[in-house]
Structure formats: structure tokens, C-alpha cells
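Taken from TrEMBL, the feature domain 'DEAD-box RNA helicase Q' applies to 1-28. The domain 'Helicase ATP-binding' feature in TrEMBL is assigned to 31-204. According to TrEMBL, the domain 'Helicase C-terminal' annotation covers 233-377. Marked as region 'Disordered' by TrEMBL: 378-445. Under the heading motif 'Q motif', TrEMBL lists 1-28.
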Ligand code: AMP
């Protein structure tokens, strides 16, 4: 029950209006210390309800001593435009029965229009670091009366190279009374430095050790021989899985475009998001997916940051993400706020060791799955130990005398050549030995 928190009744009314009945674990843990005015450091995944965990205490504070609107009283920093838009929406929904006004500043929008908005002085300003700094430098933004500073997805802001910008904006909010920092992962040294420099004696709330992530999401792998095989697996999955919306991750723009082309040719309604798409294309893609006009999105990690689309219940890793944290971020798009989700990673021989290191990092073993119609040659390394680690060939004892000879080595075991290089061009794949793709068949695996 939200009534357990000492929140203003107009906020409780908004919460009820939104049909939030039970607080999520992060809200349960963060709202009380936030209401006391403590600094917070919270590790919680996207989709855990963390936005309300900081927005409600923030609004409560601003309502407590409503001042005439002459200064910006709170700053919320986020890594991407989409996340800023979503957060603005959330703030507006919670503040609908109050007089609190919010504004948003991100790149890709008209600077003068933004400057005009800033002249009206919103109580809460939400934005991405780069453009905020431009306004600061142009003299169109003043932050010295900010009381509360919130850094959301701080780990992502660091990954995206915003460290210095965030530090500078933090310094501009020199008179703040409270700072809250949220990140999806526990981050590395960079995050620790940021925590030390912006927070004062924070309460540290760790809501998700990575091993507990996404309980509602099944995680599977399917082995593949090469990229063309992966493309056929994607088509099969899109045609045969039950899902509301799917997101397919690739590691490169080129692969994203290529897969998008293939899926369009196969008559899927699909959009692609990557760093080279301009703001208009991004908006169109996200709107269509949100409204349900299309249900498949192909994206790179950077392009998908901060994306929050309801009903995204299938994630396919066409390429394996480069780190465990990236995996957590990708998979965090499914099973949001308790929903069910399915995450499938497509694994060639060159993805295997990365995949198993992510399994170790997450302390999870992904379910192995085969699709009968599209079973390839590669099935994972042979001779797996119980641990899942491949057993290497036994080292031949080298005669000490031989070992001293320059260039002497133990006889290298003969390796079978792989069926096809991972990035085999499509021109050669018609002879790949895979059965023709059957679509719309009941899931026969
Ligand atoms: P967030 O992690 O803040 O991006 O929230 C993920 C989604 O969960 C958003 O669509 C929220 O509106 C929703 N949500 C957050 N808290 C609750 C709650 N207590 N009850 C139901 N839905 C919630």
C-alpha cells in the first residue's frame, strides 16, 4: 500500500489513478529514506519501478514548501532522449493534481524553443547532460538554486562518456540538499568515483544482484553455424514464437541494417534503430512500436538505451552483448514490472566463450534449445566438463631436451576446420545445407 508512506494526499490520489496498488521492492526500499532527505545510491534494473521511487519523494518535498516559481528546484539527469521523455511523462502523471511544472532539455530539439521554456522556469528540469551544458554555457540555464539532483542510469551516462559533463552539472547545483543516484548495475571504478564526488553519506540500496535479475524472463541459447543461419533462426522465431513485441540486438549498425532488410523482405513490420538514424527516424520507430503498428525492432545497444516499451516480451541477441552488464540491460527490456519475458541468444562458435563468461557472471545457466527444422552443425564445444568449460586437449609431455630447442612445441592437436566463417557472405549461403525455412508452423522442436 502506498498509503504507508508519508506522501501528500494529492500524490496518493495520482498513484491510485495510475492503478499502482503495491509498491515495487525498489519503491519500498527507497521512498522512506528519500522522504527523510537522505542521499541515495540505488542499484536497480530498468523496469523495477525506480522512476516512481525518486519522483514521488521529490514531488512531496517540492509540495511541502511550495515556493513561487522563480528557480529550478530539481534537476534529473538521464543518458538518452527517450528516457528523458519517459521520465517527463511519469513526472507529469504523478504531479497531475499539483501545481508543479516540469520541463525537458535534450539534444536534437530547437535550442531557442528550449531557451523560451527555461525562461518560464520549470520546478523540475529533466534532461541529457550535453544539451544542458550548452544552455549553461549560453547563460540560458541557472542551476544554483537546485535543491535536489537526481542521476538516473548513472552507469549508462558514464558508458556514454558523460562523466565530466555530469560532474560539472553537479558542481553547478552547489546548494543542493539531496542527491539520488540510480544505476542498473553496480558499475566499475568510474561509478565509484562519481558516487564519491556527488553523494554525501548515501544510503546504499542494492535491489538487484545480477544473479536475481529478471526472474520472470526465461533465458535460452540456440547454437548457429554462421550469421546467415542466425538470420533464418530469427525469422523462424518471429514466425513461431508467441509475443507481443520483440527487440533484436546486433552489435553493429551494418548488421542491424542487414537484418532489417532481410526481415522487411520477409514481410515483417519491423523498424531499425542505430546511431546513424536521426531523431525523426528514431521517434517514428519508437512511436510505431509503442502504438503497435509494428512489433519488431532491430537495434544496437546505444540506440536502445533507455527504451521503455510496454509489452516487449521477446529479446533476441543476434550478436552476444560484449559484457554481462550489457546483457543485463538488454534483457531488462523484457519481463518489466513483473511481466513474463523470453530472451534468446544466438550463439556461433565465436560467441560461445563470451556467452559462457556471461553465464558465469550472472551465475546462471541459460537453457539450451534446438529448433528441429533449423538445426545446424555447431552444437557448442565438444567434450564439455560438468562445469560447462570445454576440456582442452591433453598436453603432451615435452622431452626436456626437445623443449630447449628453439621453436620446439608440443604437437598441436589437429583442428577440424569450421563449417563456415561466422560472417560468411550471403552469396555462399545457398549451399549451407539447411533445410528450406518453414514459416507459420506450430512450434515443432
Ligand atoms: P521504471 O522502472 O520506473 O521504468 O518502471 C517500469 C514500469 O512499471 C513503468 O511503466 C511504471 O509506470 C510501472 N510501475 C512502476 N511502479 C509500479 C507499481 N508500484 N505498480 C504498478 N506499476 C508500476
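Cβ atoms are placed via backbone N, Cα and C, with glycine included.
Listed by sequence, the residues of this chain that lie at least six past the ends of the motif 'Q motif' (1-28) yet keep a Cβ under 8 A from its Cβ atoms are 35, 42, 44, 48-50, 52-53, 56, 59-60, 63-64, 93-98, 205, 207, 337. Mean pLDDT of the predicted structure over the motif 'Q motif' (1-28): 93. Counted with DSSP, the motif 'Q motif' (1-28) comes out as 16 helix, 0 strand, 12 coil.
Residue counts for the domain 'Helicase C-terminal' (233-377) under DSSP, helix first, then strand, then coil, are 63 helix, 29 strand, 53 coil.
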